[in-house]
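Listed in TrEMBL:
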- B:248-257: compositional bias 'Polar residues' (COMPBIAS)
- B:267-276: compositional bias 'Basic residues' (COMPBIAS)
- B:277-286: compositional bias 'Basic and acidic residues' (COMPBIAS)
- B:53-94: domain 'Methyltransferase' (DOMAIN)
- B:241-308: domain '18S rRNA (guanine(1575)-N(7))-methyltransferase Bud23 C-terminal' (DOMAIN)
- B:243-311: region 'Disordered' (REGION)
Amino acid sequence: MRLLTHNFLQSNVRGTVDGYPLKIEGTNIVVENSSMDSNLVRKVLPKLNYPALVAAINDIRNEEGEEDNNNNISESVLKALHFFLFDVHVIEGCLICPGTDRRFPIKDGIPNMILHEDEV
Amino acid sequence: MSRPELTGHASNFYNEREARKYNSSSRMINVQREITLRAIELLLLPPDEASLVLDIGCGSGLSGEVLEEHGHVWVGCDVSRDMLQVAHERMEKSYKMKGDDDKTEAEIARMKYDDDDDSDDDDNNVCSTGDLMHHDMGTGLPFRPATFDACVSISALQWLCYSNSSAQIPKRRLIRFFSSLYSILKKSARAAVLISECATAVGFGGGIVVDYPNSAKAKKHYLVLSCDRVGGRGQVPGMTAAGAVADQKQSQVQVGKQRQEKDGRKARPIRKKKGVKTKEWIVHKKETQRKKGKEVRPDTKYTARRRPRKF
């Protein structure tokens, strides 16, 4: 699962007021290089939730990352964003709904978001 | 088996065996490809630009592969873990293959020119642009509002029309699905999926496009939904294929009626099982029980005779 996907994922378990962002508990994280496409990153940019991305990166690193809001986006920033959005894969771990603490396990890079009929 | 939807849950039908079969059938691959290509055409995505596409019911990632070829980034979700596993393996394989290819290319490039390493790292290899997720679309899509540029769903939505347990109410599941789909799509995004009363109830505009309406086999129904309610981009692209007549109806079709249309024939009425509790059946049952060595009352003239009516 890429962090890009994580940035869009939201939990809709019954009883959550705000199921976003999901907390990541990664046990196996892999970096796969992919070709950089700055146009693609630019396109994705307006849809991103920046605080959620920072939180996700922090979850993965388990340390505080520097928080900076750059308005003028340079190539290097795009590169860094691309690395985090497209190259970092969470292979094994857990997603945790912030509202209800419902855990969604990740296996083989595929998060299991299945909800039972009574959970919706 | 003509209608696998009736046999149970999708994740039960698409088990490991079925998933492998699905993925190795060249006919299936071709059909999926063709439909996906047409769906992409119907989506009216801006050309030469990568879009973020949601693939609902991605299965083994056949449609995702086509999306990838068109340069789109996709997120697939499916209810069958085995199908996803196949998709995952395939993506992994193509990643490794492409990775090796590019490595050798990069090495050759390095041998030829003494370029800086940075550029090499940049276009080192092409990884699959897809991402997978295990999810049941009937419980609503778990995404933030207004994230996806488009959505495709190839032969998956019919599963929503059937309930596999008493807790699953098809209508509710359809509403849940379409309302979440409406919210996660960007304004002026399009969804090409195959059903429709519920869709208009939650605010989609659009209609059904029928390709090859006169052919029983090649006939395909596309439900094209667009998020702009005014229907600005109303025209249907590509009446190019020979014999393809696109016929756009306004979506006031009921779900039940639609099912009939999709088959191209009327749905069969549910028939009562014949021959239950007749004399023949009872005698036969007693005989088999006797053979099993069970204690059974002897056959008399009263066997299977109807009781007199009570006052």
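In case you wondered, yes, glycine gets a Cβ from its N, Cα and C as well.
Curation plays no part in TrEMBL annotations; they are all automatic predictions.
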Original post:
Reported in the order helix, strand, coil, what are the DSSP residue counts of the compositional bias 'Basic and acidic residues' (B:277-286)?
Top reply: 8 helix, 0 strand, 2 coil
**OP:** Report the DSSP secondary-structure composition of the domain 'Methyltransferase' (B:53-94) as helix, strand and coil residue counts.
**Re:** 22 helix, 10 strand, 10 coil
Subject >> Chain residues outside the domain 'Methyltransferase' (B:53-94) and at least six past its termini with a C-beta under 8 angstroms from it >> reply: 9-11, 13-16, 18-20, 22-23, 28-29, 32-33, 35-37, 39-40, 43, 45, 128-137, 141, 143, 148-157, 159, 181, 184, 193
